[in-house]
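Trainee: Following this message is one structure expressed as structure tokens.
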Amino acid sequence: MSNVSLSPSAVSRIMTRVCWLVRQDSRHQRIKLPHLEAVIVGRGPETKITDKKCSRQQVQLKAECNKGYVKVKQVGVNPTSIDSVIIGKDQEMKLQPGQVLHMVNELYPYVIEFEEEAKSPGLKTHRKRKRSGNSDSVERDASQEAKPSTGAEPGSNPSQCSVPPKKEKDAATKKESLSHWSQGLKISMEDPKMQVYKDDQVVVIKDKYPKARYHWLVLPWASISSLKAVTREHLELLRHMHTVGEKVIADFAGSSKLRFRLGYHAIPSMSHVHLHVISQDFDSPCLKNKKHWNSFNTEYFLESQAVIEMVQEAGRVTVRDGMPELLKLPLRCHECQQLLPSIPQLKEHLRKHWPK
């Protein structure tokens, strides 16, 4: 038996993982989320939130540092959301690196970042943290929706929604904390490995978490924060985005009998206009809950042509009140309108409507 000796420094220093809650606009310092400890966050001096619609106890956060996510429980009455999906009073969702937590009413955006800390007994903690530029926040990794699939079928890779091996997951977590998320989308748009199509006006990338066999995003190179910023000056661009979406369908799914829709989410999860091009099979393990389904199968999903007509007639896009409530509607088949009690039963039902 061989004897293995450890250096004094190796013995005296222990690496631990810690989690931080980071306000995207840097209005206040980061909030530490100790491993498995419940932390209440809301209106108050710590967050500098004074909005009375935000409760002093708006959310309860519990970091799973070893697993790389934070459990978020909505405690306040007004809606807290993750990537524009409302959690619901006394309900809980997982917040992962790259996702955006809006504290209340789609306001006050936060992200999480994980760090490795080297602790020496009796000495000051040493942090080991990757940075990009001067940013202290995490990159949103081209948003939750931007990283390309790499499956056997173009536009589809259901396996990427399953739990990856731990080493890969840790590597992905570190990658997601390289820079501020608002830079991430631009980085992905310009990454040749992520691009399906590009021209001088737009680029098409695969959705990171496709909700169907085929799911792409068409994004303009021009910086347009959201549909609210769209004017008549953007009409030709909107038309071009629609045309490119149809081209991608023809190029990559031309032999498929699947039906497609092109449209925008009424309340998008990224601060850059993006057109969803999605097949209507909804055959993907990434489609996990009612909010996922309703975001594509209610009026929450704005048809591309309807948006173009709205801008042409009114000069802007108007989103009616109450859109978040649509995400709570019962599950209803988009083909035959039958009500289904659960996502697994809905998915089984949808198989009946797939092209033979």
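Here the Cβ of each residue, glycine as well, is placed from N, Cα and C on the backbone.
Feature table excerpt (Swiss-Prot):
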- 1-110: region 'Interactions with ADPRT/PARP1 and NCL' (REGION)
- 38-87: domain 'FHA-like' (DOMAIN)
- 126-131: motif 'Nuclear localization signal' (MOTIF)
- 165-178: compositional bias 'Basic and acidic residues' (COMPBIAS)
- 182-287: domain 'HIT' (DOMAIN)
- 272-276: motif 'Histidine triad motif' (MOTIF)
- HIS274: active site, tele-AMP-histidine intermediate (ACT_SITE)
- 331-353: zinc finger (ZN_FING)
Trainee: Other than its close neighbours in sequence, what residues sit by the zinc finger (331-353), given a CB gap under 8 Å and a spacing of at least six beyond its ends?
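Mentor: For the zinc finger (331-353), the far contacts come to 280-283, 287-290, 293-294, 297.
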Trainee: Write out how many residues of the zinc finger (331-353) are helix, how many strand and how many coil, based on DSSP.
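Mentor: The zinc finger (331-353) comes out at 11 helix, 2 strand, 10 coil.
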Trainee: What does DSSP give as the helix, strand and coil breakdown of the motif 'Histidine triad motif' (272-276)?
Mentor: 0 helix, 2 strand, 3 coil
